[in-house]
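Trainee: Take a look at the following structure, please.
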């Protein structure tokens with residue numbers, strides 16, 4: 001079970017990724033975690049990445065792909081894996097294909113932009129405890145105040161509407177083209193083409209989870 005999960009920030013990928021990992025017993029692989037682990041372990045690839053990052057450079061796609069191949073050869077990936085935030089661009093997806101890294105499923109969790117803006121910009125947080133509210137879906141008993149302590153709630157900078165819209169713009173420019181890339185692979189009947197599925201990301205966590213499980217079974 002080798003899965004790539006796509007979707008805009010705020011589409012609910014993190015929640016569903018956790019459920020997939022637990023259900024199928026596969027690890028979630030993020031390039032950030034992978035880089036940090038390789039650097040800490042002092043592997044040859046990790047040392048290369050460390051030198052590049054220390055000089056302020058960007059780690060090349062070739063090195064990322066080499067790290068990916070190294071990571072998925074680990075025993076915990078024997079039953080599969082879930083890529084988190086990778087690939088981000090078409091060149092990375094092409095490199096993954098050329099490196100003969102087989103993917104079974106590419107699943108896009110689709111949520112319209114305005115719904116994502118409403119989801120994220122409506123969040124309010126009690127900083128001391130980490131309790132999260134939403135002005136519409138999970139409002140505090142007293143507007144703007146934590147239910148337990150009565151202390152003021154804050155809106156995190158990442159949740160400001162302008163910031164959310166900027167993140168969505170980056171997603172549409174850099175990552176959304178991957179949807180077309182994988183759809184084209186399927187349409188052309190490529191041998192290595194994964195199964196591509198778009199699911200509706202509006203609904204309860206359980207209903208979206210069921211859609212995912214129906215696809216992955």
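Just so you know, glycine gets a Cβ as well, placed from its N, Cα and C.
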Trainee: When Swiss-Prot marks a stretch as region 'LID', which of 122-159, 160-197 is it?
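Mentor: Going through 122-159, 160-197 one by one, Swiss-Prot flags 122-159 as region 'LID'.
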Trainee: Listed binding-site residues are 31, 86, 88, 156; which of them have CA atoms within 10 A of the CA of residue 123 (ATP binding site)?
Mentor: 156
Trainee: Could you give me three numbers for the region 'LID' (122-159), the DSSP helix, strand and coil residue counts?
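Mentor: Helix, strand and coil residues of the region 'LID' (122-159) number 3 helix, 12 strand, 23 coil.
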Trainee: Reported in the order helix, strand, coil, what are the DSSP residue counts of the region 'NMP' (30-59)?
Mentor: 22 helix, 1 strand, 7 coil
Trainee: What are the sequence-distant neighbours of residue 86 (AMP binding site), meaning same chain, six or more residues apart, C-beta distance under 8 angstroms?
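Mentor: Set apart from residue 86 (AMP binding site) by at least 6 residues yet with Cβ under 8 Å, we have 4, 29, 30, 31, 64, 68, 92.
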Trainee: Using C-alpha atoms only, work out the spacing between residue 12 (ATP binding site) and residue 88 (AMP binding site) and round it to an integer in Å.
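Mentor: Each residue's Cα considered, residue 12 (ATP binding site) and residue 88 (AMP binding site) end up 17 Å apart.
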